[in-house]
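There's a structure below that I have some questions on.
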Amino acid sequence: MASGNCTTPTTFILSGLTDNPRLQMPLFMVFLVIYTTTLLTNLGLIALIGMDLHLQTPMYIFLQNLSFTDAAYSTVITPKMLATFLEERRTISYVGCILQYFSFVLLTTSEWLLLAVMAYDRYVAICKPLLYPSIMTKAVCWRLVKGLYSLAFLNSLVHTSGLLKLSFCSSNVVNHFFCDNRPLFQISSSSTTLNELLVIISGSLFVMSSIITILISYVFIILTVVMIRSKDGKYKAFSTCTSHLMAVSLFHGTVIFMYLRSVKLFSLDTDKIASLFYTVVIPMLNPLIYSWRNKEVKDALRRLTATSVWLH
């Protein structure tokens with residue numbers, strides 16, 4: 001885009017995580033292992049849920065979509081970050097930057113909404129167990145999934161449209177390892193007031209609606225579990241929620257820290273670390289969190305292993 005005598009650059013330069021040449025190769029190896037682990041665990045969980053009939057339940061349909069989102073999320077960010085460790089000139093095309101930002105917002109919003117839907121699913125399962133099969137049918141599950149992806153797409157479209165209106169005349173150096181809004185706002189030569197307002201409003205709307213849904217769901221879950229007399233019943237009810245609560249705490253805690261702060265508290269160096277955590281580390285942790293101590297997933301893995309051994 002052009003504005004007066006200003007022409008938007010065809011490429012941006014990403015500063016990456018560090019300029020220290022001694023750290024480039026060690027960091028490349030660390031994040032390559034993390035990315036490989038992320039893909040293997042998330043795609044493995046997607047395949048396991050798809051192949052095992054015992055896991056064809058609403059809870060695992062949502063978990064399958066969460067794993068897809070995490071795998072896609074990591075793929076949008078990590079490969080380019082890995083390239084910055086090896087390249088002397090860390091460039092990304094203008095179109096590539098816009099597409100990365102669009103995908104990033106789409107997947108972030110999808111994860112917010114998925115975590116909220118998963119909390120509602122746990123609420124229905126624990127608080128209304130007799131009605132659960134009729135309320136959370138497969139058709140309802142897939143409608144919820146399609147709906148949340150549609151909302152995420154619209155949110156991403158609005159943010160990306162706002163970004164396309166900005167001009168970048170003075171600098172094309174993005175002080176980050178991917179194309180995020182705040183670093184791009186920093187180098188914009190046009191006003192970003194509306195863009196920043198949109199980030200706050202949209203972020204507050206989606207994050208707060210997700211958090212409120214999760215909080216209300218868990219208030220009712222706790223009240224229901226407290227009334228269960230048997231210790232085994234209480235343990236079983238809580239055990240289905242602990243992994244979700246861990247995932248929610250990690251993801252929402254980091255995102256709130258990142259995006260719902262005032263501009264005065266904004267620090268690019270601090271945000272690089274926070275961004276690294278929720279774009280690279282959390283997608284690796286989620287499948288481990290949901291699989292760890294999950295008897296149904298372990299049983300499904302045993303069945304798959306036994307079938308493979310029998311076939312051979």
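Keep in mind that glycine also has a Cβ here, set from the backbone N, Cα and C atoms.
Checked Swiss-Prot, it gives:
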type	residues	note
DISULFID	Cys97-Cys179	disulfide bond
CARBOHYD	Asn5	N-linked glycosylation site
TOPO_DOM	1-26	topological domain 'Extracellular'
TOPO_DOM	50-57	topological domain 'Cytoplasmic'
TOPO_DOM	80-100	topological domain 'Extracellular'
TOPO_DOM	121-139	topological domain 'Cytoplasmic'
TOPO_DOM	165-205	topological domain 'Extracellular'
TOPO_DOM	227-239	topological domain 'Cytoplasmic'
TOPO_DOM	261-271	topological domain 'Extracellular'
TOPO_DOM	293-312	topological domain 'Cytoplasmic'
TRANSMEM	27-49	transmembrane segment
TRANSMEM	58-79	transmembrane segment
TRANSMEM	101-120	transmembrane segment
TRANSMEM	140-164	transmembrane segment
TRANSMEM	206-226	transmembrane segment
TRANSMEM	240-260	transmembrane segment
TRANSMEM	272-292	transmembrane segment
Would you mind checking how many other C-beta atoms are within 10 angstroms of the C-beta on Cys97 (disulfide bond)?
23
Tell me, what is the mean pLDDT of the topological domain 'Cytoplasmic' (227-239)?
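Result for the topological domain 'Cytoplasmic' (227-239): average pLDDT 75.
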What's the number of neighbouring CB atoms sitting within 10 A of the CB on Cys179 (disulfide bond)?
25
Cβ pairs under 8 Å with the transmembrane segment (206-226): which stretch of 58-79, 101-120, 140-164, 272-292 has the most?
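By the under-8 Å Cβ criterion, the transmembrane segment (206-226) pairs most with 101-120.
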Can you work out which residues elsewhere in the same chain, 6+ from the ends of the topological domain 'Cytoplasmic' (50-57), have a Cβ less than 8 Å from its Cβ atoms?
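Sequence-remote neighbours of the topological domain 'Cytoplasmic' (50-57) are 64, 138, 296-297, 299-300, 303-304.
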DSSP on the topological domain 'Extracellular' (80-100): how many residues come out helix, how many strand, how many coil?
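Each residue of the topological domain 'Extracellular' (80-100) counted once, the result is 14 helix, 3 strand, 4 coil.
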State the residues, same chain only, that lie 6 or more residues beyond the ends of the topological domain 'Cytoplasmic' (121-139) and have a CB under 8 A from a CB inside it; answer 'none' if no residue qualifies.
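Sequence-distant neighbours of the topological domain 'Cytoplasmic' (121-139): 56, 58-59, 61-62, 217-218, 220-221, 224-225, 237, 240-241, 244.
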